[in-house]
Amino acid sequence: MKNIVKIEQLELASAVVELGKKVGAGLAAIGLTGAGAGVGIVFAAFILAVGMNPNLRGELFKLAMLGFALSEAVGLLALMMSFLILYS
């Protein structure tokens, strides 16, 4: 009887750990929404600025690409953390 109880407790503990991994990975993936919003803001500002002053398009495009890269880097870090939590 004691062995059965220990096995059930071990299975319950294993299920709780798996649940914690899935919840943690989901919470870590929330950072991807911020990256998506950041990219949208960067390109909205770029389009608005080019509309106001088309002569600065080349300079503004470089800055927009820099903003895009930084926003996506944060999103990729969030995705990496999510995968690390889920598969480790």
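From the backbone N, Cα and C atoms, a Cβ is placed for every residue, glycine too.
Look at Swiss-Prot and you will find Glu72 tagged as site 'Reversibly protonated during proton transport'. According to Swiss-Prot, the transmembrane segment annotation covers 30-50, 66-86.
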Under 8 Å Cβ-Cβ from the transmembrane segment (66-86), and at least six residues away from its ends along the same chain, one finds 21-22, 24-26, 28-32, 34-36, 38-39, 42-43
Cβ distance under 8 Å to Glu72 (site 'Reversibly protonated during proton transport'), same chain, sequence separation 6 or more: which residues? Ala35, Val39
